[in-house]
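Here is the structure we will look at, set down as structure tokens.
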């Protein structure tokens, strides 16, 4: 008996070749820039020439051929074949960047550039809508890819390693792949877009969007004729193969290199299968070498109409790959497929098939019975004439009227087969004395079969039967052993696969641990390097301080050594004091002007109530300042205030700009949230008002219906009463001439009949009234449920509003904390800038001090030289001239006064310089300490900023997840609305137009839609706008409330909603009109 998926008896399997077409893409910009030549020549409709060799195909497309023409020539016929019950396959083959994905998918939202997949989807639904209205279709799609020799579900990324199994008819299929029921081309496009987002794509030197996996888009179409109960099914495989790659051209490395290896391996396995099928002499076809060839087993040499599109590059740079692709297509063109209609036979067809086989068996039984009779006659020595001998020609003339004949034995030991009987007859004839012929073939009566030969023949036949039984038992035992060994082999293979998976997991863990260890080592090295740098910088600073101390000691030694020489230069120092006094007066004036300007700027920046932080006190007058030795300190303080003022002004401007932008963004976000909340409230109020008006409308209709039914009952009673009276009057007029007794009997019978009819009508009316009351009760219960649902929605809305307010408060707190962190960072930057300015000022002052020291030493040396010369000259004059003692004493006294005055001024200058140097040293040390403290604070602040940014990202992720949950809730609500609409359509099925139904199957374990007819009319009068507005308000409320939920609740809700979405099939969106 044939399987359920076999064809009708009238339809025979058809042999067809694989259709192979060739598409040539134009030269791209890179090939034109590199100077590649167009190597393909003599391009005709069905042939082309490459490298001096001609390749023939079913169709050849030029580089300028559009997507529409490619679809019409290659794929349009397959749509009709699939809807007729055949399997179909279309896949593109070629090297990388040859246009395979462009041919199969193209641009989905462009009418001219869309590929085969979107066009074939649209064409399928157009054909369905143009077919008979009694056909019901079930269409489901699945989308998966073969990545790194693993089957990965593109509609559910958690299924990353699916397996290929075989059904009862030895047809391979992918177990556990996600299947989506679709009812329109838009649904299919959504599935394709969802799958494309999860597909592996990367960039290589030859292709900017290189597919790193083989993708398979499967469309399963099942149809049923509601009149004849005839069922057909067809599968359409749309395959986009990844291109073969040469690593030297693509520049693949790392993970991309591993992907290229697996792609080339699977394409090599595909080429081996094509070569084995093309030769036709090999008994084994290596389908199991790759999961790709395993899935395409029915498409290559099996039950499918297959079309291969070979995509080639015409550039001379890719000449080798182009020749290989053309040779692949030419080999594939020689493969033959045997296609049959995938039809599920009905009960009547199975019955007819059974009766046909039963008649055939009866004919064979009669034929065997006649053969046994003829054989027995031959064995008994009778001669059978040619007219009496049974032949195969007589089998066709036999009829099924052989049920009266005795049945042949059923067992193998009692009824040998026809071949066994022929072998036995030939062996017995070989042992006969006539030299190879049966005695019955000789002249009648010449030779008689002896009893001994009969016994020997019987023994030999029994021995053969016994040996045959032993062989059968051995075969069955070996078959059982073979099955056990196969099961053990499968178990071992599964254990091996599990061990390999465990080993891969352990290797991944080891690699992860190694990476973590390397990262830790790198961090430790960085920390050590930072410590070393700090130590080196500390040593440098210490060395510099020691050098400065040594220099100071040298300076003090020089000063003490030169004090004697300074006494002799008092006169010239007096002049320098005068010049310095004038310069100090000018400096004091300049300093006074600068401090006045700084105070004015500080008063402008500070508020009226706050003190001026930039007010610089001047505790000296112009004359006192000219004589003060602290002028340099005041000048340095002024410089520090200037640098601080600049940095404060700069930071103030930056903060003002950032605050203005932040305030504008926050106002925009707040306005948007308030607008969305008001829209949600308005939609909810509108839905409540519409629900109330609909309930009132339903209640008024129910009252009208009750009144009309009461009127109908009264009218029916009146009508039955009038009919009864009419019958009584007619009978009375007819029986006037009859006897009075007969009239009374007839009258009593009529009354009984009338009473019985009235009683039946009363009971029927009572039943109808009870049914209507039950229906009213059910409607009221449904209304209560709707009210409860509305109250729950209101409660959910309030809860969502509270949660939204809480989230706003939290967002304000987080923004305040973030602003504090930003202020701290600004303070750190300001401190850095201040420190830098102070360092520059100290450096300038040290340089100025060094210059003064050098000038001072030079001046002292010059003056010492002059004083020595002058002293020698004076001594010579004293020797020459005679001076009085009084004059000499006065001169010595004047010299002593000058010497003592010069030495005191010099001591004051040196002490002033020493004090300044000590202060500068202290300031430098303090700045170094402050700088070190700020550098220590920088990592902490950066860590806080990173934690803040991570928290912001976490909140953004939570908001995104909440929006996804809201979208899924909206889809679930739309599913409920569509389910209600479908129930209404089923109630109003008589008004449906003459179009075929695109139905969907309800899978096991899924909650069935409500079949309560009483609940349907309550929602049947709702318009689409009312339902959509209510759903939008509920979805908005769900989105606002879901943003504050914890990550654990989000994970559970998202997983449960995803599972529910997988279990719930899509509802047909067909218009009932």
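Note that Cβ sites are derived from N, Cα and C of the backbone, with glycine treated the same way.
Remember, TrEMBL labels are computer predictions, not curated facts.
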Per TrEMBL record, range annotated region 'Disordered' [choices 697-722, 723-748, 749-774]: 723-748
Annotated stretch (coiled coil, per TrEMBL) among the listed ranges 286-341, 342-397, 454-509, 510-565: 454-509
Per-region confidence, the domain 'Kinesin motor' (17-335) (mean pLDDT, whole number): 85
Those residues of the chain, 6+ apart, with a Cβ under 8 Å from that of residue 94 (ATP binding site): 100, 241, 243, 244, 310, 311, 312, 313, 325
Cβ-Cβ neighbours of residue 96 (ATP binding site) (radius 10 Å): 24
DSSP-derived structure type at residue 94 (ATP binding site), helix or strand or else coil: strand
